[in-house]
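Peer 1: Quick one: this structure, given as structure tokens, is what I'll be asking you about.
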Amino acid sequence: MTPESLLASASINIGLAVVALWLFSVLKKQPRNAVVYYARRLSDRHHHRPLSLHSSLCLPRFLPSVAWIPRAFRVSEDEILSRHGLDALVLIRLFKFGIRFFLLCSLLGTSLLLPVDYYNESDLPTRKEYSMDAFTISNITRGSNKLWVHFSCLWFISFYALFLLHKEYKDILVIRLQQMKELRHRADQFTVLVRQVPLCPEHDTRGCAVDHFFSKHHRFSYHSHQMLYDGRDLEYLLGKQKKLKKEVEDKRHSDILSNGSQEHKHISTSEEKLREITNMIYHLQSETMLSEKELPVAFVTFKSRRNAALAAQTQQHSNPLELITEMAPEPRDVSWRNLAIPQKILPLNKIGVILAAALLTIFFAIPVTAVQGIAKYEKLKKWFPPAMAIEFIPGLSSVVTGYLPSAILKGFMYIIPFAMLGLAYLGGSISKSNEEIKACNMVFYFLMGNVFFLSLISGSLLDEIGEYLTHPRDIPSHLAAAVSAQAEFFMTYILTDGLSGFSLEILQLGLILFDIIRSYTYGRGKERTPYLFSFPYFRVIPTVSLSIMIGMIYAVVAPLMLPFLVGYFCLGYIVYFNQV
């Protein structure tokens, strides 16, 4: 990749970021968009500070401002913890870790490693001054004493990263223990989830078996239990009841306006159906019906947190496949549908999830390889001569090789987190937080395999495929030598993911367009409710972790990437502070 391609990518991404941030600063001032940008404050009943929005048509309402940017750096961590929770604080500290780490690395890289890489002592007249390879370690000849500089910097960077990681772990651990101390009376800390409950031989019920077992073996610590029931029929009827209630209210409202006798008949018919559904709900909630829909799952409550933790971490039955215990999640975090899945089917679900994730990874290897073919334009011309037509338009080849590959790759990767979250849901996790944790892991491994390793392999294959066919033994050495050649691609990836990705993230253009379409179609005349969604940690954390990994790997190989990473984490900190 030439410097012109990198400059084209940087220019396009900076332009998109400026436009997106300018639009955000204007759109957030409009009262109509408060349900999008101030959803949390509007839904928070205890928030008494009014929104400072311009309701009249005045000039400041349509002027962009940057007052929201320095506000992100003035908020303390205690305020973030009290308002948004520990998860949001960990995310913000992840960006702070990236800023601290790559700021020092960039100072070291630009002041020491870049001059060492560029001013090579051998063959100065033939140096590739118009290639980005002149700023990487590949410009150093094999066996040069200058490699000791890189080796020393690698040791320093590694120990600095370990120091920061240890400090972050220690600080988060202290905050976590303090939070557990403040929330020590929460019910889920005294509750254990028990699965595969056998039937009681005397009364032929599972609830009786739970009570007998824990009363006998946990006599002094057992408090109570609650059995779970299959509530799919009840859930369906409750949804139907809610729909009918809304229908009756709408008909009564239209009846008041029209004063027609026909509407009275429709109302009486709907009310009759509503009474029937209500009676069916009461019937399903009776003891006889509940006993028929009893699941082999129970929540068992203990008198102390110590006894609950002890029961959750020990085997309760001589048969390890019965009375399986684990700590219960928070009530709002429970995945109720997954608790109804039989224990013997869960291994099959997990195997299916692994196979589906593997197939998804293999499928996405095709676009990743194609993207590398676009990035390696000089080699692509040899394999696909019609691509030479791009050269007839001035500047187009720089845009195609510099910006287009990373933009295409980012577009393909956008749907991956949601696909992995769906697979994690099918895996049978007992809580929504466990589903997001599994999705985070799967997304990170997917990105590490497809975005990083496959980009290295496919780029190197396109470079030296003929050499590999003639000398297959030299494949490892060729791949090791070709790693620095992909530094330019990852620079453009960081620029696209940081500048364009973060700017579009804070703009929320899709939600704005959806709100406009909804207001003028099926939602016309209805009250607009805030768009309050849970934060997509499963999408953000793996992407940021991949950028940290790329930065650590290329800190010594291509130090020119380090200043881009500093900007990446600074913009990410500002954006996601506003998002949480």
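Backbone N, Cα and C define each Cβ position, glycine as well.
Those TrEMBL annotations? Automatic predictions, nothing curated.
From TrEMBL, for reference:
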type	residues	note
TRANSMEM	6-24	transmembrane segment
DOMAIN	6-168	domain 'CSC1/OSCA1-like N-terminal transmembrane'
TRANSMEM	97-116	transmembrane segment
TRANSMEM	147-166	transmembrane segment
DOMAIN	189-338	domain 'CSC1/OSCA1-like cytosolic'
REGION	249-270	region 'Disordered'
DOMAIN	350-579	domain 'CSC1/OSCA1-like 7TM region'
TRANSMEM	351-371	transmembrane segment
TRANSMEM	411-430	transmembrane segment
TRANSMEM	442-463	transmembrane segment
TRANSMEM	501-520	transmembrane segment
TRANSMEM	532-554	transmembrane segment
TRANSMEM	560-577	transmembrane segment
Peer 1: Which one of these stretches, 6-24, 97-116, 560-577, has the most C-beta pairs shorter than 8 Å to the transmembrane segment (147-166)?
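Peer 2: That would be 97-116.
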Peer 1: For the transmembrane segment (411-430), what are the same-chain contacts with Cβ under 8 Å, counting residues 6+ beyond its ends?
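Peer 2: Long-range Cβ neighbours of the transmembrane segment (411-430): 193, 326, 329, 334-335, 338-339, 341, 345-346, 349-350, 352-353, 356-357, 360, 364, 367-368, 436, 438-439, 442-443, 446-447, 450-451, 536, 538-539, 542.
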Peer 1: DSSP-wise, what's the residue breakdown of the domain 'CSC1/OSCA1-like cytosolic' (189-338) into helix, strand and coil?
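Peer 2: DSSP classes over the domain 'CSC1/OSCA1-like cytosolic' (189-338) add up to 85 helix, 27 strand, 38 coil.
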Peer 1: Summarise the model confidence on the domain 'CSC1/OSCA1-like cytosolic' (189-338) as a single mean pLDDT, whole number.
Peer 2: 83
